[in-house]
């Protein structure tokens with residue numbers, strides 16, 4: 001929804017100019033980006049100064065952006081800010097994804113900024129991406145002057161109209177006095193309830209004119225009241241269903257990470273002994289090393305996780321949205337299961353699957369109250385799941401995640417990613433692009449902690465990895481950050497490696513170079529009789545580009561690995577370099593495919609552990625329960 005700001009006056013003010021000092025994000029106070037309680041007396045400022053002062057009061061640490069005509073006025077007071085670090089990216093898409101990466105690993109609001117017209121429209125994809133994955137991002141864009149809006153002026157684009165369907169909310173500021181209130185509201189909306197993307201569009205003459213500033217402003221959001229407290233009656237009904245279940249599953253989504261509820265999830269799982277499946281966006285919400293973790297469900301999930309959902313009699317869905325990549329053909333998904341669906345967003349409940357017990361509320365509060373109710377009714381220890389666990393353990397043992405070496409002797413991408421996870425370990429942050437490498441990274445790296453796995457789950461945005469990894473590294477400079485990218489994705493946003501080199505963000509890139517648009521090629525092999533139309537990128541046949549030379553040109557160290565014997569050494573070599581970004585060009589086989597797989601639109605009953613092998617529903621010897 002889009003809202004022009006209201007013209008009523010607000011208290012006002014301006015601060016002293018101080019020289020700009022660039023600092024890593026962690027040197028700034030680690031506080032949520034919300035309005036402070038300390039009152040700032042009214043001052044007279046320009047609109048641009050009001051923007052900078054508001055961001056300072058909101059404890060913003062970093063802004064990712066590019067200056068341009070309509071937003072240039074904001075960059076002048078930014079020059080004097082002692083509190084705000086600005087990262088000059090090479091493309092506005094990089095700014096948006098970097099803001100998302102920052103928000104992913106910190107839980108704070110990520111901030112990006114662009115000028116009007118093409119600058120603003122270049123933010124469309126990252127805003128849609130953040131909104132789909134419930135990532136708190138605020139984008140500030142310049143706009144042509146108010147009198148020019150609607151005249152097709154130079155670099156004019158109706159960015160508030162364009163982004164209306166892909167943001168949680170957006171604003172077109174029409175009065176300078178409204179800037180503090182609007183920015184406070186934008187940060188509140190982005191970070192509360194179900195997090196999401198918010199855009200604030202400010203005309204050039206509003207930035208240029210005089211206005212009043214004071215802090216904190218009084219927010220005016222009468223229609224926005226996220227319900228965070230679950231209803232006790234629904235909690236009681238959920239506890240009753242759990243007590244009666246014999247084949248329950250905890251179906252966990254990214255909302256558990258967004259809601260900081262991973263410890264409570266573990267408490268619930270261990271209290272009840274119920275198996276856990278965690279979606280692509282929830283990797284790390286529950287430790288992979290835990291016996292109750294069956295892995296990731298869905299199109300490329302584990303056989304055990306898919307089996308658990310399909311054979312369950314109760315789905316306890318926490319912070320998840322029953323998206324098509326998990327459910328497969330919806331009318332055949334978990335056919336015998338009742339559903340408890342808890343989510344902060346009431347629009348998600350019942351959207352794709354009927355909920356027998358709907359619970360609207362903050363997922364942490366839901367789990368805490370559910371645990372208390374289960375203990376009250378003495379449910380823990382009384383759920384009979386012996387046969388259920390026997391079945392699931394059998395499936396897990398029979399069909400573990402695995403892969404076969406490449407028949408032509410080329411390097412297996414699965415081996416590369418598996419070794420990377422083993423060597424680097426669970427303390428690192430892993431960021432993936434979209435495609436085969438994304439799925440292998442989700443499958444073959446063990447995630448033990450939340451906010452260590454970043455990817456574009458809902459929108460599936462190629463080019464996400466490099467800028468998002470940059471944002472993560474700037475947010476957490478002490479962390480080892482690996483971008484796992486494909487040669488297709490990498491060529492969309494690799495220019496941000498120059499930003500990384502200049503800004504002191506030494507990320508490491510495992511480039512899974514199979515010479516093709518790998519996932520598209522896999523679908524062509526499986527569903528289009530191997531007609532490989534327009535998927536050969538020539539990065540193998542012509543070495544165009546030469547990724548080692550490209551990395552060096554962008555200020556990075558470039559390495560190459562073509563055989564299994566060198567994988568460990570080259571990873572360790574990259575880890576030893578911490579003063580510059582490092583790119584490892586792993587030349588891998590073109591024919592590797594991601595398995596298990598449920599074909600798009602097919603039932604989860606048709607999962608294949610490998611090509612032509614349907615383990616669950618054809619073989620009666622599996623001991624179905």
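Cβ from N, Cα, C; glycine included.
Note that the structure is a prediction, hence the values are computed from the model and not measured.
According to Swiss-Prot, the feature region 'Disordered' maps to 1-29. Sequence annotations record features per position, and here Swiss-Prot assigns compositional bias 'Polar residues' to 14-29. Annotation comment: Swiss-Prot describes 92 as thiamine diphosphate binding site. Here Swiss-Prot flags 194, 300-321, 343-362 as FAD binding site, drawing on similarity to another entry. If you look up Swiss-Prot, you'll see 436-516 marked as region 'Thiamine pyrophosphate binding'.
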Coarse DSSP state, helix versus strand versus coil, of residue 344 (FAD binding site): coil
Under 8 Å by Cβ from residue 362 (FAD binding site), same chain, sequence gap 6 or more: 228, 229, 230, 259, 261, 344
Confidence summary for the region 'Thiamine pyrophosphate binding' (436-516), mean pLDDT rounded: 99
Residue 356 (FAD binding site): tally of other CB atoms within 10 A of its CB: 15
Length of the line joining the Cα atoms of residue 350 (FAD binding site) and residue 92 (thiamine diphosphate binding site), in Å: 36
Inter-residue Cα distance where the pair is residue 317 (FAD binding site) and residue 92 (thiamine diphosphate binding site), in Å: 36
Proximal but sequence-remote residues of the same chain as residue 317 (FAD binding site) (Cβ under 8 Å, at least 6 apart): 251, 253, 339, 340, 341, 342, 343, 355
Residues near residue 305 (FAD binding site) in space but at least six apart in sequence (CB under 8 A): 277, 294, 295, 296, 297, 298
Mapped DSSP class for residue 356 (FAD binding site), helix or strand or coil: coil
Protein Cβ atoms within 10 Å of residue 350 (FAD binding site), excluding its own: 13
